[in-house]
Amino acid sequence: MTTTPTTQQSSPRSDETAPLPADDGGTVPARRRWLPPAIGLGLVVLLACLPLLAISLPGVLPGPTYTPGTLQVLALALLVGALALSYHLLFGVAGLLSFGHALYFAVGVYGLAIVLDRTDLPLLPAACVVLVGGIAVAHLVGAISLRVTGISFAMVTLAFAQAGNVLVRRNPAGATGGEEGLALDTAHVPDALVGVANTRNLYWLALAVLVVVYAIVLWVERSRAGHVAAATRENEMRVRVVGGRPYLVKLLVFVVAATLATGVGMAYLLLQSGAVPRVTSADFTLTLLVMVVLGGVGSRWGAVVGGVLYTLLDQRLGALASSEAIAGLPSVLRVPLSEPLFILGTLFVLVVLFLPGGIAGAAQRLAHRSGRDRQREAARETIEESA
Amino acid sequence: MSTIVLLLITGLGLGALYFLVASGLSLIYGLMGVLNFAHGSFLTLGAFAGWEVARRLGADSWAVFGLALVVGAGVGAAFAALTELLLVRRLYERHIEQVLVTVGLALATVALFEGAWGSDPEFIEGPAWLRGTTDVAGAPVPNDRFLAIGAAVLVLVGIVLFLRYTRFGLIIRAGVENRAMVTALGIDVRKAFTLVFAVGGAAAGLGGVLASQYFGYVSPHLGAQLLIFAFIVTVIGGLGSLTGAAVAAVLVAVLQQFANYYWGYGDLVVVLLLALVLLVRPSGLLGRRA
């Protein structure tokens, strides 16, 4: 089983994740080095201004951008983007295919809901308690499940997440509310974060969460531990041989990703003002995986785009399913088209089959091609000039 | 005493269902290194196919029930073989992508089943004997348990005989042992891939019809429900080991039944067992050391 030639296995991946040859070398013009951060900063400023503007995107958003309904959808998309980014740290950087990432998100959602419900702690101390709890759970589960690698690791994390799901559904001591879920107890939450009228504050909170998660993921990826994690993804044996400690580094990345997910989960609770058992399900982790692959494995902005795109598609396809245009179709077309998850699942299969590298990979190839064209054109011009 | 007998036989029946799913998973993983998330969909489709047959031809005769079992297994096998030919084969040797494709297929097909048959469980009927009970040492045991156990034993014996005494079985065993060598000897392993998928799909489809009798309903989530425990069974038994899957299926299901009855948290006990096995023997009970 293990005798398959490893070069075949790793070559498509390393091709995708390796930096573009020569382009990023010393000859890069200064303009291209500060351009991406500048675009990112501009985008964040634009997003921060959205609640003050009246931009309508019919078909994509339910209404103008200042309305609470639209801001709610956008905030949800930003939070899911942040969650997908934390999953990117796990899967894209460390190469850990986890099927239990929803567990740590659920620890944030349910943990904060229970602490606010059962104690008199104000929001910030309560959030700190939940964060510590999330770190503890991540250490415990990570330490056990990282004893195995590859597919076994995926199944073990799935099993732990399933245990969390069972626990939430069984409703021990009435703490989780079982199938009905748990409503947010707003007694100790600042007034600025409660109510439909304050949706834009929640939107800004979601944007802040996304920016912070992005910064932490960037920091971890650029750190020594991040480099060792990426090296472990490519070839664990070699990391061992040169004296690295793959287990500890993987555990570190696992815990950081889980803690980020817990943080995003707490913001999710405030936004949705309640916890439902769906966030603990295995399906929810699978959708995270779908987002990251859709956006492009190994790409930070790809994960965010994947998360945002998935959420918007999910919301809008639901609206499409109940529209009259679909209801009038014959049942062969109507049944599949009225199931958003069918369309998303099919889209996902197509991306895996025909678009390796997802959206980010496609964009990179496109940029690469146009860059080559430009070089070729410049070369042709110099030839023509000299002629 | 009678409670223990009842729990034991019910556990064995559940273990039989786990084994029907886990045997295919384990074979497929052993030969191809693919963790098949769409296996639950094979089971669900088999269950719905059997239910449609029973609904159209009259549910209470044994002949129709036998036909439902055959149709369920056949549909599961066909679906699995098509999955291998159209999706998995294109991603030869890229294990992560293969897993991702089956994940996408599982998401899409469950949604499709929901659209076609509705998301609520459909309660089913069968031959009258299956609804009755038999006294075993004073315990009234539902008869469908015996059917599930018998079918699982037959499948286990059948697969073992197939692997041991047929030419394809020989190729599959050799492929599990050392695929590169089999390919180097000029044998087309890819035919064996399709075959293993079809055998696994047939076992899952059969398991679907039996599971719908065991639980008393069919629903689009029947497969996903069993799949997670089948994963646990496969890991505990040792990936790629058929006997390991059989032993672990019985162990997990019986433990789950007892813990559910006396404590109420059977599913958690199973996960704890998994954690324990991984701490002591990371390669599973009968798995080869990696």
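We count from 1, first residue shown onward.
The backbone N, Cα and C atoms fix where each Cβ goes, glycine too.
Predicted, not measured: the structure shown is a model, and the values here were computed from it.
The feature transmembrane segment is assigned by TrEMBL to B:6-27 (among others). Cβ atoms under 8 Å from those of the transmembrane segment (B:6-27) belong to residues 35-36, 39-40, 42-43, 80, 136, 139-142, 144-146, 148-149, 151-153, 155-156, 159, 172, 196, 199-201, 203-204, 206-207, 210-211, 214, 226-227, 229-231, 233-234, 237, 239-242, 244-246, 248-258, 261 of the same chain, restricted to positions at least 6 beyond its ends.
Sequence-distant neighbours of the transmembrane segment (B:34-51) (same chain, 6+ residues past either end, Cβ-Cβ under 8 Å): 21, 24-25, 28, 68-69, 71-76, 79-80, 83, 88, 95, 98-99, 102-103, 105-106, 109-110, 113, 117, 122, 124, 200-201, 204-209, 211-212, 218, 220-227, 230-231. The transmembrane segment annotation in TrEMBL covers B:34-51 (among others).
Taken from TrEMBL, the feature transmembrane segment applies to B:63-87 (among others).
The transmembrane segment annotation in TrEMBL covers B:99-117 (among others). Below 8 angstroms of C-beta separation, residues 34-41, 44-45, 48, 83, 87-88, 91, 218, 220-221, 223-224 of the same chain, each at least six residues beyond the ends of the transmembrane segment (B:99-117), sit close to that stretch.
Taken from TrEMBL, the feature transmembrane segment applies to B:146-163 (among others).
The feature transmembrane segment is assigned by TrEMBL to B:192-215 (among others).
According to TrEMBL, the feature transmembrane segment maps to B:227-255 (among others).
Marked as transmembrane segment by TrEMBL: B:262-280 (among others).
Sequence-distant contacts of the transmembrane segment (B:63-87) (same chain, six or more residues past either end, CB-CB distance under 8 Å): 24, 38, 41-43, 45-47, 49-51, 53-54, 57, 101-102, 105, 126-127, 130, 151, 193-194, 197-206, 208-210.
Cβ atoms under 8 Å from those of the transmembrane segment (B:146-163) belong to residues 9, 12-17, 19-20, 23, 27, 69, 130, 134, 169, 172-173, 199, 203, 206, 210-211, 213-214, 242, 246 of the same chain, restricted to positions at least 6 beyond its ends.
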